Amino acid sequence: MVFDKLLEQAGINLEFEDKEIKDSDYLGDVSDLIKIAVIGVGGSGNNTISRLYDLGVQGADLIAMNTDAQHLHQIKAHKKLLLGKSITHGKGSGGDPRIGYRAAEASASEIADIVKDYDLIFLTAGMGNGTGTGATPVIARIIKETARNNGLPQEPLVISVVTFPFKMEGKVRIEKAKAGIEMLLEYSDTVIIIQNDKLIELVPKLPIQVAFRFADEIIARMVKGIVETIKLPSMVNIDYADIYSVMKGGGPALIGIGESDSNNRAVDAVMEALNNKMLDIEFGSGDKALVHFTVGPDVSLEEITKAMEIVYERLGEKSEIKWGAMIEEDMGKTVRAMVIMTGVRSPQILGNINVNALTYSSSSLVVPRDSKIMSESKVDEIFSSIDPRASKLRKGNNSSRINKIFKDLGFYEL
């Protein structure tokens, strides 16, 4: 099975060992150079934070934000913030994104105080419910505004990683997710959307609740790989400037994850990560890529070099490619490859849209941010158009641009 190692590390069929994070584990002066935070918003985002804590990710502060006090209390994190105490009284958003949005706005000063010192911030959430959908775009906006208000020479890089609902979860939740993604596009440098139904195609025999854990594992491993390759001594390091050059203004991006323990493991892992079943992707000379390998102690640099030749072949010799590799003892004979590619083009994408291309990997859809900041009136328009009690969802002239994008792709047609 292609993802045996990832499933094992997720604690699926095998118990994983919790690893407590201690301040002494950090790398002192080196860690102080680039400050990184991972903020989980809402129930799904909070679960990812707990998983990262269990994994023992080093070099990033893990922060949980939620409107549900009971769930927040159970989460393992370095910092926690109960959003909108005066609005929800710690009882959650009831699945309403407008409540999540207002709760984050009510906690704006507390959020600004938490995020003010970071250079790179990952936001993770599940789209389609209340807090993650409504609060995450507000938090992303506050991150950017705080940097501007403090006169920082460079805004922090904001990378949002969100899940898109299973089709079986229904049209209302899907519609909420689309609206949340539309808002998030305005405030993030890159938005990575992990389509739950695509994950099920990778591991079709998993029970539904275990599938949610697998989605958490995909996000956690991706974030952990990027953070620790920046922050820790690695076989081959990737620095913050590399991440910034790929994720800031890189245009449409493609993310894929693959792993293999075959005789040709590094090449096979990269091929799996590059595999794209949904769109006919064209790679041009202007493309950029970030490639990260997680390997066992017996993997040679020659193996990885051969795998990188595949990436150069697919993207072209003139492409700018950043890559790194980290050794993890528990990988054994398995090699995992994570590939982030920007500047990809697809002839199947339609529409004259500024953020004009979405593209799939075997598990993910990535959208670059529009440089324009959405107005408050637009925010109100989006959320006021969503009402779970209404018998008719947004149609016709009220359809958002994200609806058109998803319809053009045949993602889900409502």
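Cβ coordinates are placed from backbone N, Cα and C, and glycine is handled just like the others.
Per Swiss-Prot, the feature GTP binding site maps to Gly130, Thr131, Gly132, Glu169, Arg173, Asp216. Long-range Cβ contacts of Thr131 (GTP binding site) within its own chain (separation 6+, distance under 8 Å): Val41, Gly42, Gly43, Asn66, Thr67, Asp68, Leu83, Gly92, Ser93, Ile99, Gly100, Ala103, Ala125.
When the binding-site residues Gly130, Gly132 are compared by the number of other CB atoms within 10 angstroms of each CB, Gly130 has the fewest. If you draw a 10 Å sphere around the CB of Asp216 (GTP binding site), it holds 23 other CB atoms from the protein chains shown.
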